[in-house]
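Q: Sharing a structure here in structure tokens format.
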């Protein structure tokens with residue numbers, strides 16, 4: 001049902017034109033909005049509800065300001081036509097959406113999500129790391145296995161002619177190294193591969209000097225030390241190094257093929273005492 005039409009405002013005494021009244025004499029018909037039956041039919045239910053709320057609010061403001069006047073026919077019609085503002089008169093589009101939600105097309109997420117249990121405040125416990133053995137016991141399925149920490153290459157890895165990749169060299173274990181160094185020093189426990197190295201090492205503990213100099217009789221622990229020591233017994237006029245020892249007379253490194261051994265201070269202490 002369409003709302004009542006706008007009332008015709010009769011001219012009052014002193015007005016030149018209808019509707020042109022003096023300031024301060026405002027009625028509800030001056031500020032209200034009226035629709036024709038054709039215009040009212042084009043409005044949606046939501047727009048009609050908004051129109052009702054605005055008109056009732058405007059009428060309430062005028063009453064609060066103390067403007068006199070009878071109750072407008074539009075407000076009376078809004079109060080009588082309660083069916084036009086019932087929940088059944090809804091927007092068709094909104095009604096379809098709400099109907100779809102009622103049918104279960106769009107589930108409610110709040111209903112599906114479980115409620116969170118409030119956690120007790122306190123220090124968090126650190127996660128306990130379990131060993132692979134415990135994980136294997138909990139998972140008896142043979143398909144679920146724990147991978148080893150380090151992938152080991154196959155023992156008999158052959159050379160691949162297609163890619164040309166060489167098999168990785170095996171890393172000797174501690175047991176293999178201990179098996180190679182079978183000669184152990186009884187004094188310090190150090191191990192050696194060859195017995196000659198063990199014999200030379202034991203002279204450090206015993207203080208034995210089995211290599212004497214044939215010219216002066218000075219004894220040394222190693223044979224190459226005797227050969228280096230014999231340089232000081234050479235004549236000062238014959239040898240290539242038979243000059244006064246100094247910076248230029250002694251090379252920094254021995255030359256390959258040189259018969260003279262490397263010169264060390266511990267091999268010729270007497271020369272520095274005699275000639276400086």
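Numbering starts at 1 and runs along the chain as it is shown here.
In case you wondered, yes, glycine gets a Cβ from its N, Cα and C as well.
When I checked Swiss-Prot for this same protein, it listed these features:
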REGION    1-22  region 'Disordered'
COMPBIAS  1-10  compositional bias 'Pro residues'
DOMAIN    26-97  domain 'KRAB'
REGION    80-170  region 'Disordered'
COMPBIAS  91-119  compositional bias 'Basic and acidic residues'
COMPBIAS  127-140  compositional bias 'Basic and acidic residues'
ZN_FING   183-205  zinc finger
ZN_FING   211-233  zinc finger
REGION    236-255  region 'Disordered'
Q: Give the mean pLDDT for the zinc finger (211-233) on the 0 to 100 scale.
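A: A mean pLDDT of 82 is what the model gives the zinc finger (211-233).
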Q: Reported in the order helix, strand, coil, what are the DSSP residue counts of the zinc finger (183-205)?
A: 11 helix, 4 strand, 8 coil
